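S.K.: Quick one: the structure is below, questions incoming.
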Amino acid sequence: MEVITASTTHLLSTLNKLTDHSFFQTLPQSLPVSPCVITSPTQIALPDSFYFSLFFIFGGGLYILLLFPFTLRQKQWLAAPLIAGLFALPLIFTSTNSPVLQLAHLGACGCVLMRQIDLYYVRPWRTGKEPTMNLEDWWTEVWQPFRKVPMSKEQIQRFELELQQTRLRREIERQEREALYNSSHSSCSTSKENKDKETQTVAGSSDEASKPMKGKPVKQIYTPRVDPNPQHWSAYLPRWFFYATLMDVIPFVMSFITFEAIQNFNIVQTLLLRIGVAAMVIFDISLLNYTIMILCAAITGDLVHDTEWTLVSHYFPGFATSPAEFWRQWHHLFQYIWVDLGFHPVKHILHKYVSSKTKNRQLANGLELVLPVMGVFLMSGLMHEYMMVGMWHIRPGHMTLFFLIQGAGTILSKVLLNTVGKKVHVPPVILITLTWVFNLTTAALFMEPVLKNHGYNMVASQSLLLHSYNLLRSNGIF
């Protein structure tokens, strides 16, 4: 017994000596060392219940307005003050306690704002389609960021009808461009004959497009991809735990860092920090998607179809061989918003005012290749800019510049792939390394406002490791 007592006493004495001289004494008393800044002197703080109700009042009002049978002008007039409120109020007011929810609220307001501008104003101008939805379309629209809700037969037929009309419209535009090109390279008489023939063809196509499609057999039914092997939601719990673990460890490690220390980081430390912030973004979004999917399947009792959910069958962007592939593999929660508001309108303007009037086909094709893609990245930059300005009232510019550079890199990588890539074989390892270098170099623009305001610590309150650390330190365990 005396031997055991002596051994225990010696062990405790050794541990005390190690503790006294170990790095435990240099650790901070509580984490995070630099909490995230969530207030601005120019913003008015509101209780969380009032602050987060802004999205449901204005964003929800815009979605509900889509269900009413008003005319286009009436809806546009009614939507204008709701859109203005959805834009301005999250910039004027701020939350007091929850930086994560505040950032998510700003992101939701920015995305819904862009979507409603497209539905109420841009799309009617571009396609003539009025901002009207039935309950099925409305339900599909609400779920669209996370899930592709299976279409009903009526939705599939309507989708195919719109697809056919779009094809006819594109064919008409192509014939108009060909008629303009032929008329500039032929004599006046020949030009007149060709123009008459083309006009007749276009008129016939226009008549066909304007005719009602009732009773007309659908030649090619659109069929969404179906997962041949749906699984029970419990099969996805290991992935959920994987993302949950990462989202616990990464914020815990980064909670020891201050912005002053970041400014003195060497190149390796800076790269690791940027990788950590990027990993928190993609893993947090993946964790949210899996949580929604599992809860929905558990409540409804349905099996999970991989093809329905946005990020379930998604590739990790860390192994992308080009900026273009990187953004194809990045999360696509809001891609449809930026494509509808950035890509299609720019494409429409080029078709209507540039391609149909210019004689330089090479220039027209180059503009159609570059500008619509840049429009998508511009919309993404503006949305992220809105979040940063609303969160910290910083000077705008960093986010927009970052996404425009990424858009230029995406276009350049596509051009190189279609030209040099067909003649020269480059090992994938080198391409992956170059993509990492490009992304991590330009990431300084993206992360500047986040790092300066300790935004990397905004998810610290979610970390169980961090709470355990604070509990142990407060009780003097180490």
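Even glycines carry a Cβ here, placed using N, Cα and C.
Fair warning: this is a prediction, and the values are worked out from it, not measured in the lab.
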S.K.: Do you know which of 103-121, 369-387 TrEMBL annotates as transmembrane segment?
M.R.: 369-387
S.K.: Checking distant contacts: for the transmembrane segment (429-447), what same-chain residues at least six beyond its ends satisfy Cβ-Cβ under 8 A?
M.R.: 271, 274-275, 277-278, 318-323, 325-326, 384, 398-399, 401-402, 405-406, 409
S.K.: Using DSSP, how many residues of the domain 'Wax synthase' (319-404) fall into helix, strand and coil, respectively?
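M.R.: So the counts come to 68 helix, 0 strand, 18 coil.
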S.K.: Six or more residues beyond either end and a Cβ under 8 Å away: which residues meet both conditions relative to the transmembrane segment (369-387)?
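M.R.: Distant contacts of the transmembrane segment (369-387): 103, 106-107, 109-111, 113-114, 334-335, 337-339, 341-347, 350, 396-404, 406-408, 410-411, 446.
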